[in-house]
């Protein structure tokens, strides 16, 4: 299965009538492996800061998590494994695997829990596959 198929079929899938606003799978080096059409353009620096927060939990708390032009307030995640962010009625979930970051962005009516479930389910699967 191609990385794009993982994004299209597993991240952008419908959950209780809703789906993510955007999603991507990005390498630890910041290079996008696959992404949905609405995924924002981001800087390598954005991904470097996210990676640093996985290594040093709390790194993003003072400044927020930036993905392109959007700033998310970092909320409780799982140190070293999952970062969650909130902006208004939407937010972001980032799951770290051995080689990649699985990123999901949501807006209402999708809930944070639905976003977490979609992103973390694929991330856990990739971890099981050694990815």
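The backbone N, Cα and C atoms fix where each Cβ goes, glycine too.
Database features (Swiss-Prot):
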DISULFID  13-115  disulfide bond
MOD_RES   111  phosphothreonine
MOTIF     81-97  motif 'Involved in PIP2 interaction'
Original post:
Same chain, outside the motif 'Involved in PIP2 interaction' (81-97) by at least 6, Cβ under 8 Å from its Cβ: which residues?
Top reply: 21, 50-51, 53-54, 60, 64-65, 67, 70-75, 103-108, 112, 115-116, 119-120, 122-124, 126-127, 131
**OP:** Have a look at the disulfide-bonded residues (13, 115) and report the one with the fewest Cβ neighbours inside 10 Å.
**Re:** 13
Original post:
Once the chains shown are all counted, how many other Cβ atoms turn up within 10 Å of the Cβ of residue 111 (phosphothreonine)?
Top reply: 14
Original post:
What average pLDDT does the predicted model assign to the motif 'Involved in PIP2 interaction' (81-97)?
Top reply: 98
Original post:
Roughly how many Å separate the Cα of residue 13 (disulfide bond) from that of the residue listed as 'phosphothreonine', to the nearest whole number?
Top reply: 14
Original post:
When the motif 'Involved in PIP2 interaction' (81-97) is classified with DSSP, how many of its residues are helical, how many are strand and how many are coil?
Top reply: 0 helix, 13 strand, 4 coil
